[in-house]
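Report on the structure given below.
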Amino acid sequence: MEGKGFTEEQEALVVKSWNEMKKNSQELGLKFFKKILEIAPAAQQLFSFLKDSTVPLEENPKLKPHAMAVFVMTCESAVQLRKAGKVTVRESNLKRLGATHFKAGVAAEHFEVTKLALLETIKEAVPEMWSPAMKNAWEEAHDQLAEAIKSEMKPSD
């Protein structure tokens, strides 16, 4: 997935905000997932470890590590976008992500939910840095990662 349209200014905004958020990535990852489920409660059914869970989200033993991994991967991918010229998630991981999302029944519109949740999480995490330009930078980075995952959303071989 080409890093077209991701400018030096956007890269600087993403890097600056990610450097600030990195130290709280576990907490922010959990916030990110809680926002996804607030926006789209039905999305809970897409996660095998949440589907039939009766414990509160914060107490689900599998949610924290998953949420942190997803948040970190999303942010790290955004930071590398301009330098690499494309989404840098390893191809094998991208294929696995695509297949997993496909198998779970994730639809294209679900990525709009993750974008809203990501933007809200970042806005709350670094309010003093937040600006329309930063919002645009993170939107662009999210959209390129989402497109890369969607392009691999097919049955696994």
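Cβ atoms are placed via backbone N, Cα and C, with glycine included.
Residues or ranges marked as domain 'Globin' in Swiss-Prot: 5-154.
If you look at the motif 'Homodimerization' (38-42), the same-chain residues 6 or more away from its ends with a CB under 8 A from one of its CBs are 110, 113, 116-117. Marked as motif 'Homodimerization' by Swiss-Prot on the basis of similarity to another entry: 38-42 (among others).
Under a cutoff of 8 A between CB atoms, and with a sequence separation of 6+ in the same chain, the neighbours of LYS62 (heme b binding site) are PHE49. Under the three-state DSSP scheme, LYS62 (heme b binding site) falls in the coil class. Positions annotated as heme b binding site by Swiss-Prot: SER48, LYS62, HIS66, ARG96, THR100, HIS101.
Per DSSP, the secondary structure of the motif 'Homodimerization' (108-120) breaks down as 11 helix, 0 strand, 2 coil. As annotated by Swiss-Prot, motif 'Homodimerization' applies to 108-120 (among others).
Sequence-distant neighbours of LYS135 (site 'Homodimerization') (same chain, 6+ residues apart, CB-CB distance under 8 A): LEU119, LYS123. Feature annotation from Swiss-Prot assigns site 'Homodimerization' to LYS135; the stated evidence is similarity to another entry.
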Checklist entry - Given the binding-site residues SER48, THR100, which one has the fewest other C-beta atoms within 10 angstroms of its C-beta? => result SER48
Checklist outcome for this item: Cβ atoms other than its own within 10 Å of the Cβ of ARG96 (heme b binding site), all chains, total 14
